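Visitor: Please see the structure below; I have some questions.
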Amino acid sequence: MNFQQWSALMKEGFNVTSFVATYLCFLHVTNTYLFTHAWVYGPSMLPTFSVTGNLVLAERVSTRLGKVGRGDVVLIRSPQNPRKVVTKRLVGMEGDKITYVVDPKNSDRRETIVVPKGHVWIEGDNIYATSDSRKFGPVPYGLLHGRVFCKVSDLKSFMDCIFFSFLFFFL
Amino acid sequence: MGKWKTLAKAAIELAAIVAKFICLYHVTDSYLFSPTIVSGPSMLPTLNMTGDVILAEYVSHRLGKVGPGDVVLVRSPENPRKTISKRIVGMEGDTVTYLVDPNFSLRSRTIMVPKGHVWIQGDNMYASKDSRHYGPIPYGLILGKVFCR
């Protein structure tokens with residue numbers, strides 16, 4: 001192959017690489033700062049999410065602006081395994097007094113705790129089979145990853161999802 | 001009409017170049033390394049009280065390669081908008097013995113760092129609010145490792 005062909009090939013390769021890099025960059029920025037998807041599975045959020053798995057859309061704007069509140073389902077980095085991101089419901093913000101059942105499978109004993117500054121209290125919807133703040137205590141706010149706003153079960157719910165998310169962002 | 005079109009096209013090209021540059025800078029800033037200014041008395045004599053420029057890299061903590069003795073940037077567990085710099089004294093499973101309040105007494109306590117957490121302390125034990133104050137912090141709050149002052 002002579003030099004001209006080679007240089008044309010290199011130029012083409014560079015163009016393609018640059019295009020792919022730009023696309024990945026754009027995808028990454030959207031994932032980190034706007035919204036992302038997650039596949040949630042496991043029994044801890046029954047009946048909201050099924051055991052075998054649901055695709056959810058989570059937005060990453062509210063956590064940075066401090067606009068998450070009680071009742072939101074959030075993605076949070078696990079305090080026990082930093083490589084895992086878990087899904088739970090935010091039950092208490094800092095300063096709230098939380099009364100929770102310590103071990104519902106074995107007893108009805110309740111305990112009350114005040115959530116310290118800078119922390120949140122998370123619980124799974126299925127309190128019989130979840131490892132959450134009742135086990136590892138209040139979690140620092142800095143571990144919040146995103147807020148789930150949409151569960152995708154089929155095409156119709158997906159379209160509803162997009163519609164409601166637009167309403168949320170622009171109203 | 002044609003003039004507007006060429007003008008718009010040139011503007012879009014310029015905007016694209018600027019956007020790509022910002023993107024590249026941001027990726028380096030978040031995932032490779034970036035300079036930061038740290039200030040406060042908690043890391044004397046290692047870091048200045050009035051402010052030091054340091055280079056922090058964001059690769060090791062994702063690979064799990066931070067360990068005891070490293071100075072790290074962590075997100076404060078008391079105020080999630082604040083980033084603080086402290087030294088890692090113990091990883092998960094380590095037993096840490098620390099002076100509870102060296103300003104007032106020589107009393108010390110021993111604690112085992114739970115799974116997924118680290119124990120951080122400032123170099124200046126007399127004026128540092130760290131794990132002796134709010135307990136072991138989850139590994140997920142570590143933002144980066146300081147490697148250069």
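Glycine is no exception: its Cβ is also placed from the backbone N, Cα and C atoms.
As listed in TrEMBL for this protein:
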- A:Ser44: active site (ACT_SITE)
- A:Lys88: active site (ACT_SITE)
- A:17-101: domain 'Peptidase S26' (DOMAIN)
- A:111-150: domain 'Peptidase S26' (DOMAIN)
Visitor: Which three-state DSSP class does A:Lys88 (active site) fall into?
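Guide: DSSP call for A:Lys88 (active site): strand.
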Visitor: For A:Lys88 (active site), which residues in the same chain are close in space, meaning a Cβ under 8 Å from its Cβ, but six or more apart along the sequence?
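Guide: Correct list: A:Ser44, A:Met45, A:Val73, A:Val74, A:Ile76, A:Ile122, A:Glu123, A:Gly124, A:Thr130, A:Asp132.
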Visitor: For the domain 'Peptidase S26' (A:111-150), give me same-chain residues lying six or more residues beyond its boundaries with a C-beta closer than 8 angstroms to one of its C-beta atoms, as numbers and ranges.
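Guide: Distant contacts of the domain 'Peptidase S26' (A:111-150): 35-36, 38, 43-48, 56-60, 62-63, 68, 72-77, 79-80, 85, 87-102, 104-105, 161, 164-165, 168.
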Visitor: Count the Cβ atoms, other than its own, that fall within 10 Å of the Cβ of A:Ser44 (active site), considering every protein chain shown.
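Guide: A:Ser44 (active site): 23 neighbouring Cβ atoms within 10 Å.
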